[in-house]
Amino acid sequence: MASQEIETLTAALARLPGLGPRSARRAVLWLIKRRESSLVQLLEALDAVRETLVECSVCGNVDTRDPCGICADPRRDQRSLCVVEEVADLWALDRAHLFTGRYHVLGGRLSALDGVRPEDLAIDSLLARIEEGGIDEILLAMNATLEGQTTAHYIAEKLENRPVRITQLAHGLPVGGELDYLDEGTLAQAIRARRPVT
Ligand SMILES: [Zn+2]
C-alpha cells in the first residue's frame, strides 16, 4: 500500500489522456527512482508552463506570449487562414511545415450529442477576423469525422457571401497505407477525391 502522497500523484497522472491507473503507477515508480534527474526536471517544466502559458487572443493557440509566435511572425502569409478544432490539430499541422498562413482554433466541434452549439465555439471571432479583411483563403481543416464535417459545413455556409476562397483538406489514403487495411470511409473519401494522373 503506497502512501497518501504517492496515491494522490498516481491518481492525478491517471487522469491524463492516454494514461490509465496502471501506466500512472509505472510512471510514478519511474519518477521516484529518478528523483533528482527526471522528477526535478518534470517539476520545473510544469512550473514554467504554469507561469508562462497563455491563450493567444487572436487565434486561440497556446504559447508563452500573446499574440502567439505564429500570429506575430511577419513571414507568415496573412492572406491564408486555417481553421482547426483544437490546439493539438494546429500543432500537428504546423509540424508538417506545409501551411504557411495563420490559424484559428475553434475550441471543439459542433455536436448535438454533447450539446456543443455554434456559440460555444470561436466562430464569431473567426467571422470578425474575416470581416477585418486581408484574408483570401479559409482552409477548413476539421477532422474527418461526422461532427468535424458538420462543423466545416456550418462555417462554409456562414462564409457563403464573403469574398474568400474556402478550401478543405483532402481526405484519402494515408502515406504508406495499403488498400486492404483501410476502413471503408477512408476508401470512399479517396475515391470521391480522385484526381487526374499527372
Ligand atoms: Zn495566435
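Even glycines carry a Cβ here, placed using N, Cα and C.
Any TrEMBL annotation is an automated prediction that lacks curation.
Listed in TrEMBL for this protein:
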- 56-71: zinc finger (ZN_FING)
- 79-174: domain 'Toprim' (DOMAIN)
For the domain 'Toprim' (79-174), the mean pLDDT of the predicted model:
92
Go ahead and report the DSSP secondary structure tallies for the domain 'Toprim' (79-174): helix first, then strand, then coil.
34 helix, 19 strand, 43 coil
Per-state residue totals over the zinc finger (56-71) - DSSP helix, strand, coil:
3 helix, 2 strand, 11 coil
